[in-house]
Structure formats: C-alpha cells, structure tokens
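Participant: Okay, handing you the structure first.
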Amino acid sequence: MAVYLNDVSRTFGEYLLIPGLTTKQCVPTNVSLKTPLVKHKVGEKPAIELNIPFVSAIMQSVSGPKLAIELARNGGLSFIFGSQPIASQADMVRKVKKFKAGFVISDSNLTPENTLADVIALVQRTEHSTIGVTDDGTPNGKLLGLVTSRDYRAEKDPLDRKVKDFMTPFSKLIVGDLGITLSEANQIIWDHKLNTLPIIDKDQKLQYFVFRKDYDNHRDNPKELSGSDKKLLVGAGINSRDYMERVPALVEAGVDVLCIDSSDGYSEWQQETLQWIKKTYGDKVLVGAGNVVDKEGFDYLVEAGADFIKVGIGGGSICITREQKGIGRGQATALIDVAQARDEYMEKTGIYVPICSDGGLVHDYHMVLALAMGADFLMMGRYFARFDESPTKKMKIGNNFVKEYWGEGSNRAKNWQRYDMGGSEALKFEEGVDSYVPYAGKMKDNLNLTLGKMIATMCSCGAITVPELQKNAKITLVSSTSIVEGGAHDVILKEQN
Ligand code: RVP
C-alpha cells in the first residue's frame with residue numbers, strides 16, 4: 001500500500017513569525033547575516049561562508065557573469081547556469097574570477113591604423129569614451145596609446161584620420177604596473193589628475209583600466225564575497241551526464257563551488273556524480289546536490305558526499321513541474337522536514353550540512369521565514385531576474401518596463417538534461433514557462449531594501465544572527481481569513497502612481 005503523509009503540504013504564505021523579546025542588542029547594526037555554504041564540523045569554520053544568505057538560481061535568464069559579479073560584490077553567490085556548452089560556461093566563470101574591483105578589462109580597443117570613423121562607431125556601440133590602442137586591437141595587446149573624447153572633434157576632423165595621428169602615445173601616458181593595489185592606482189590617478197590609468201604587464205601589454213569613479217564604487221561593498229586571493233567567489237551548475245568533462249573544465253576555470261542541478265535530485269545519477277567528484281578531487285571540489293523535499297532525499301545525497309543540499313520541487317515562480325508530473329511538496333513543509341533531517345544528522349555525526357531553500361520566495365518576509373524554518377541560504381530566480389544585471393532583455397510593455405524570465409524546463413531553455421531521468425531519450429514536455437517579470441532597477445538598491453526589511457524582522461524576533469533565528473523563532477500557522485486581515489482591508493485605497 002502507498003505511504004500517506006498526513007501532514008498538509010504548506011507554503012510560506014501560510015505562516016507568520018511571532019515577535020520574540022527585542023533586547024537592546026537587537027539593533028540593525030548588530031545583525032549579521034553570515035551563513036555557511038558548505039558542510040563542516042560543528043564548531044569549525046566552513047570552507048565558504050556567505051555574507052548574505054542569497055544565491056542566484058542556476059538559470060539562463062538569471063545567472064550570467066554580470067549578475068554573478070554584482071551579487072558576489074554584495075556578499076552572495078551566483079551559480080552560473082549549466083544549460084550551455086562547457087566552454088562557454090567555463091568562460092563565464094573565468095570572467096567572474098578575473099574581475100578585480102576597480103580593474104576593468106578594456107572593452108573598447110583599436111589599432112593605430114584604425115580611423116576616426118572607427119573610433120566614432122566604437123564609441124557609439126560601447127558607449128565608453130576611453131579606447132585602448134594596442135598593436136593588435138585586442139584588450140590585452142601591447143599598449144601603444146590611448147584615445148579619449150578630448151583627442152578629436154567628431155564634427156570637424158576628417159573621418160579617415162588615422163588613430164596614430166591623434167592618440168596620446170604610450171611615451172606620454174602615465175601607467176601602473178600589474179600587481180598594484182586599487183588604492184595605489186587611485187593615488188596615481190589622484191597625483192596626476194587622471195581619469196583613466198592603464199595597467200600594463202612587464203611586456204607593456206594592456207591588462208586593465210582603472211577609472212577614477214570605480215574607486216568610490218569599491219568602497220560601497222564592505223560585504224564583498226572574495227577568497228584570500230581577493231578574487232570574487234562564483235559557483236556553477238552541473239548535470240549528471242557530462243560531469244566528467246564539465247567539472248574539470250570548471251575547476252580549471254577557477255570555480256569555487258558546484259551544484260548538481262535537477263528538479264528531482266533523489267536519484268542514482270546524482271549519487272554517481274557526487275561519488276565521482278569526491279573520488280577525483282576529494283574535498284578540494286565542493287558540490288551541492290538536489291533538489292529534494294524530504295529526509296530520505298537529504299540522507300541519500302549527504303551519504304553520497306554532497307556539501308550542501310537544495311530543497312524544493314515545483315515551488316518556483318516559472319515552474320509547472322507539479323502540474324505536469326504531479327510531484328512536489330509545499331515549500332515550507334519540505335524545508336521543515338529536511339531541516340529536521342539535517343539537525344538529526346548533525347546530532348549523530350557532528351557534521352553540519354547546510355540546506356538551501358530553492359524557489360517560491362515571493363515577499364521579503366518569506367525569506368526570513370525560510371531562514372527561521374532552518375534554511376541556511378536561499379536560492380532565488382524571479383527576484384534576481386528583475387534587475388539590470390540579469391542577462392535578459394529589458395522591454396516596455398504598455399506603460400511598464402519588464403524583463404524576460406524563463407524556466408530551465410521551458411522549451412526556450414532547451415535544457416532537457418536537467419529534467420530527464422538520465423537516460424538517452426529526452427522528455428518531450430515542458431516543466432517551465434516563458435514569462436516577464438517587472439523590471440526593478442539596480443540589484444544593489446533592491447538588496448538594500450530587502451536586507452533592511454529582513455534585519456528589521458530579525459530584530460523583532462530577538463535574533464541578531466541566522467543561527468539564533470533558527471533556534472529561537474516562534475512560527476505560527478495562519479488561517480485564510482487572517483491572511484486577508486494581514487493586507488490593507490476595509491478601506492478604499494487611494495490610487496497609486
Ligand atoms: P523562483 O525564485 O520562484 O523564480 O524559483 C527559481 C527556481 O525555480 C530555480 O532555482 C529552480 O529550482 C526552479 N526552476 C527553474 N526552472 C524551472 C522550470 O522550468 N520548471 N524551475
């Protein structure tokens with residue numbers, strides 16, 4: 001006979017937090033959102049800790065290098081999507097690892113033989129006014145000069161004038177040597193009243209530009225998530241089919257952590273993938289697995305060697321797995337069950353395996369609820385897809401700006417590996433939709449607001465750290481009538497602009 005779970009499967013909107021005693025310690029400046037990303041012995045420091053408990057979803061429409069850089073600069077981590085050729089995913093990882101705050105790889109480059117017409121066309125395309133002149137016109141060629149808008153008059157000068165005739169030649173440039181710090185670069189910029197400082201290696205090859213404005217920008221990111229080499233941390237999604245080729249390429253590119261990406265992770269395919277990674281690399285390569293929704297799934301993947309476990313089936317905003325396959329579980333119930341399994345495992349072994357709540361977070365308070373229910377960090381797609389930094393197009397529909405957002409199980413993503421069962425035949429139905437989300441501007445502004453609200457909620461609950469919240473939160477179920485009471489009600493709302 002089938003096993004029946006008698007508990008109703010519930011989601012975040014059905015719960016509220018009950019305030020705990022807010023002591024005088026509970027002020028926003030004392031709150032830390034630090035949280036472990038990977039398994040570790042109780043009492044020891046994990047190999048990676050996030051500075052904010054957010055990771056971005058392993059999705060084409062979310063986690064490209066631009067978003068990964070911005071999220072890491074703000075204390076979280078992206079998993080670069082795996083539904084692409086191995087070489088292009090490794091390239092995206094490399095882009096994030098190469099990023100040095102304030103050190104920009106030049107995206108506008110020409111040779112001395114190019115013309116003013118080429119300069120004008122390039123400036124129009126990149127919208128950047130500083131052009132590196134290199135021997136071969138590449139970003140890392142031998143630096144021969146610099147062109148800025150002060151070097152030419154677009155209306156008056158002949159368009160066929162050669163770059164070499166109006167660039168500032170190398171002999172007149174102030175440059176910095178590769179290896180100098182950002183504050184040293186800024187000192188040179190300051191001393192010489194420069195706008196741009198080219199950084200070159202010992203062979204005079206252009207490596208980076210440092211722009212005057214970027215130094216201030218860097219100081220805005222005290223939570224930046226970087227390693228001891230100061231490089232930003234980045235993750236990448238993998239699948240249980242081409243891992244023997246994909247993992248080495250990602251490791252070679254410098255990836256910090258991997259995650260096997262599947263809507264249903266309780267499978268022998270994932271077990272094999274985990275075992276191969278651990279056998280090949282030991283603990284040098286960190287890898288999460290999932291998704292699961294109960295204790296059995298958690299125990300199975302932890303036993304196979306997973307460094308964290310991802311929880312959730314069917315709760316994602318673009319996900320129709322529950323409708324299509326009839327599998328899944330309310331996200332809150334799944335999380336509570338897996339968190340209990342994690343705690344039992346910790347009691348038994350002294351090892352803490354972090355869990356990630358993946359998908360279905362709609363309101364900012366859901367994020368605090370998920371942490372209070374035991375999640376160590378949260379994976380979000382819709383939330384990040386709305387920002388400037390996500391890789392998709394911004395469009396205007398009616399009077400509103402939107403960004404595109406599509407599921408990895410949609411035809412558009414063509415990522416059937418993620419949703420099939422590991423056999424050679426791909427499944428022929430969609431588990432995700434193609435959609436729009438309201439455009440929300442810069443990630444940083446939105447994160448500041450969301451984190452500010454979360455911190456306020458934590459203070460109300462009397463918790464100044466994530467573990468304290470997990471230990472002391474009081475959570476109550478709410479009736480559907482009291483959910484109505486929670487919004488504005490029985491008033492006539494004034495029109496909002
Ligand atoms: P959300 O944040 O609610 O948009 O959910 C994002 C999550 O949805 C992803 O991290 C992933 O687990 C899931 N997803 C992604 N694509 C699909 C699909 O096509 N069904 N689901």
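Even glycines carry a Cβ here, placed using N, Cα and C.
The feature NAD(+) binding site is assigned by TrEMBL to D261, S262, S263, G312, I313, G314. The feature K(+) binding site is assigned by TrEMBL to G314, G316, C319. Annotated domain 'CBS' per TrEMBL: 167-225, in sequence order.
Just tell me what is around each of these and how deep it sits.
Facilitator: Cβ neighbours of I313 (NAD(+) binding site) (same chain, under 8 Å, six or more residues apart in sequence): S263, D264, N291, V292, V293, T321, R322, I327, G328, R329, A334. According to its DSSP assignment, I313 (NAD(+) binding site) is coil.
Under a cutoff of 8 A between CB atoms, and with a sequence separation of 6+ in the same chain, the neighbours of C319 (K(+) binding site) are S263, G359, G407, G409, E431, G432.
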Participant: List, in residue order, those binding-site residues out of D261, S262, I313, G314 with a Cβ under 6 Å from any atom belonging to ligand 1.
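Facilitator: Checked binding-site residues vs ligand 1; nothing flagged, none.
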Participant: If you measure D261 (NAD(+) binding site) to G316 (K(+) binding site) at Cα, how many Å is it?
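Facilitator: That separation, Cα to Cα, works out to 14 Å.
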Participant: With DSSP assignments reduced to helix, strand and coil, which class does C319 (K(+) binding site) get?
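Facilitator: Going by the DSSP assignment, C319 (K(+) binding site) falls within a strand, counted as strand.
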Participant: For S262, S263, listed as binding-site residues, tell me which one has the smallest number of other Cβ atoms within 10 Å.
Facilitator: S263
Participant: Using the CB centroid of D261, S262, S263, G312, I313, G314 as the NAD(+) site centre, which other residues of the same chain sit with their CB within 8 A?
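Facilitator: After dropping the recorded site residues, what remains is D264, G265, G290, N291, K310, G316, C319, T321, D358, G359.
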Participant: Can you give me the residues near the recorded K(+) site, meaning same chain, not G314, G316, C319 themselves, Cβ no more than 8 Å from the center of the site's Cβ atoms?
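Facilitator: My list of surrounding residues reads S263, G312, I313, G315, S317, I318, I320, T321, R322, G328, G359, G360, G407, E431, G432.
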Participant: Between any two of D261, S262, S263, G312, I313, G314, the residues recorded as binding NAD(+), what is the biggest Cα to Cα distance in Å?
Facilitator: 14
